[in-house]
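Pulled from TrEMBL, these are the features on record:
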{"type": "ACT_SITE", "residues": "HIS124", "note": "active site, pros-phosphohistidine intermediate"}
{"type": "BINDING", "residues": "LYS14, PHE62, ARG90, THR96, ARG107, ASN121", "note": "ATP binding site"}
{"type": "DOMAIN", "residues": "6-143", "note": "domain 'Nucleoside diphosphate kinase-like'"}
Amino acid sequence: MADPAVQRTLVLIKPDGVRRGLTGEVIRRIEAKGYGLVRLELRSATPELLADHYAEHQGKPFYEPLVEFMLSGPVVAMVVEGQRCIEGFRALAGATDPTAAAPGTIRGDLGRDWGLAVQQNLVHGSDSPESAAREIAIWFSDL
Ligand code: RTP
Ligand code: MG
């Protein structure tokens, strides 16, 4: 019988992570944690896709700069699988603000504040089972 604790989450390596050559390092940390890769693709986002993906943030002051940032280069989109991996990948990523993110996390070790209009924090991870299902369907319509 399928184990309900085995989850899937949508992980994005944002344009800053791809630009800085950190794709391998992020994947290394995911695999070292023991999670599996179900899908992995280098993609260019579109305004329509980001409007869906970031629907909860529409209207917030950082929304427009966030979309502009997410369109500034390719992203790596992944579906990651493992026991409690939604919470687990958020723990690997660290706090949203890369300056405040704890050392040992992706954002804490590799990110910092660049003084730009939006926090460029290297990765995205779904924040709940509902978000994961919604976001996986947005990025990988066949899953
Ligand atoms: P994510 O969705 O990317 O995994 O990050 P998160 O849950 O930690 O952060 P969230 O609140 O969902 O915000 C989405 C992304 O918007 C950018 N942001 N910038 N005040 C700011 O400059 C600001 N606030 C949010 C970040 O890129 C954040 O990851
Ligand atoms: Mg979020």
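Quick reminder: no glycine exception, Cβ is built from N, Cα and C everywhere.
Unlike curated records, TrEMBL annotations are generated automatically.
Recorded features from TrEMBL, shown on the structure.
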| residue | record | Cβ contacts under 8 Å, 6 or more apart |
| --- | --- | --- |
| LYS14 | ATP binding site | PHE69, MET70, VAL75, GLN120, ASN121, LEU122, VAL123, HIS124 |
| PHE62 | ATP binding site | ALA117, VAL118, GLN119 |
| ARG90 | ATP binding site | GLY125, ASP127 |
| THR96 | ATP binding site | ARG107, GLN119, ASN121 |
Distance-selected binding-site residues near ligand 1 (C-beta under 6 Å), from LYS14, ARG90, ARG107: none
DSSP-assigned states of the domain 'Nucleoside diphosphate kinase-like' (6-143) in counts, ordered helix, strand, coil: 59 helix, 28 strand, 51 coil
